[in-house]
């Protein structure tokens, strides 16, 4: 009877746990890990393996396997992250083009792939081929005219709504954690917080599928941030296969730091930038060993993506570009101005987006996530279609804005007037006044810029996967390209001004508007995320040019200074605080002016502290303490009289021990 009573008592105690039969040493959901305990457990495990390895050959082999398991996990993460990124890129390319038409020879080909295989394509009309048909041509056999335009417009909106509805429905039903960027939560998890299911298999699957859908729908969001979440899900999955990582939350976080580096590596084709991003932006505990492993994971991921070659140009990203014109000292002034713009845009975006997200949380708006996604998608599609710069995918837009105008470019932005009969002194800039195409492109870019700035504020934070890197870069690239064209035309029409006089060698291009677009993109991304070192490295890995590091550094530092003048928080820290996650930022500085006596408990008239004593407590006393309080742990003291601290016992461990 006594035994039955004891069993019953401990059975009641188990009700205080979240899970029915958890492992000893694991943590409950929404709790923080004990870093010191995890470190000591790993040291003990390592000591046991080392001592056993001397006993037999088999134990020695096991110790070697244990030592190599970290590198094996990194290899697997890199392979899977690179493969998923390649599949996402290919699927997005096809589904984005599906909104406008279909390839008759093979419906799974995108517009570009369809016309690659065609023999009837001419150089001037390289985007037109008989195999690719717009929906109006397919349905009513008309390619021009008002009725064809309206039909294409209508189907563009319908496809966008269909993709967005499917994405938000999948997220709501199967994996609520698959929404958002994922980087704020990854930062919190890496700082030692437990969010069960956030890096689970369902989240990985649904996030990968819905990422393709939302990017294809044309919403103002990117896939780069969510790719970090996807890579961390891969890291979590492979960690669970090795007991070294599955049973130690501290070690698992080392793997997740490396996975975040692999995610950025495939997102931007920047392995070194990925490692620095993980170190600067997301990681909390980053030992030297993790640095090497991050580098290896990022390398394998980039190599895998390169093998898939999703864009068919042997590059890892769509907007890879190479410039051949040097920059001049006088250009630092417009570069710094772009940095100021980036900082101001970052501040504006963070404040407006956080205010909107707070409104979503506190009003009835948050109860209708599907309706919100549908409305924002409809507004985006309706406004985006008439403007060619907002109709295409944002990555393609950035690619065009970064591009240098060569002889083969057919873009409106390269519509310069080339008159071979005009002569100028040899020390002048090449005579290339802007043509009508450039002026109309400037108007369209200005409208697209305003639209992007406004719509991104409402899009980021909806219940769908949404990255912020690409929209921020698009805003900066549009502003930068317009400034670049302005400086270029100023240099052409006022070449005798003192600042332009000593610039140009005969027949050289003096101003590269694409470079201004790249600097603007870096400035805006820096203003929103407050990245500096990793941002510059990512941008120069994108362009393959070390020559432009100084302009990028100038813009990145200026944008950070300007943004920090209005508030120290980047967008990810702001979302961490909005969601109420317990994140202690290593960059935060605290100035405490209180004394210990101001915060100590208990005060006079209050109940005494709930403590465990070293040797005078019974099991019944401990049970009573657990049932009557809801603290997560209790200090262990010598005795009630001498309350000298000798340790700390967690509530969960006590319950399991009893």
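The backbone N, Cα and C atoms fix where each Cβ goes, glycine too.
Looking at the stretches 489-514, 515-540, 541-566, the one that TrEMBL records under the feature transmembrane segment is 515-540. Proximity of distant same-chain residues to the transmembrane segment (195-215), defined by a Cβ-Cβ separation under 8 Å and at least 6 residues beyond the stretch ends, is recorded for 29-30, 84, 87-88, 91-92, 95-96, 163-164, 166-168, 170-171, 174-175, 177-178, 182, 185, 188-189, 221-223, 226-227, 229-230, 232-237, 256, 393, 464-466.
Only residues 6 or more beyond the boundaries of the transmembrane segment (255-279), in the same chain, are considered here, and those with a CB under 8 A from a CB of the stretch are 70, 73-74, 77-78, 81-82, 85-86, 186, 189-190, 199, 223-225, 227-232, 234-236, 238-239, 245, 285-286, 290-291, 293-302, 304-305, 315-317, 320, 469, 531, 533-535, 537-538, 541-542. Taking pairs at least six residues apart, the transmembrane segment (468-487) and the transmembrane segment (332-356) share three or more Cβ pairs below 8 Å and count as touching. When each of the listed stretches 68-92, 153-175, 227-243, 332-356, 368-385 is scored by C-beta pairs under 8 angstroms to the transmembrane segment (441-461), 332-356 comes out highest. For the domain 'CBS' (600-658), the DSSP-based tally of helix, strand and coil residues reads 17 helix, 13 strand, 29 coil.
With a cut-off of 8 Å between Cβ atoms, the residues of this chain six or more beyond the transmembrane segment (332-356) that come close are 453, 456-458, 460-461, 472, 475-476, 479-480, 483-484, 487, 516, 519-520, 522-530, 550-551, 554-567, 569-571, 574-575, 578.
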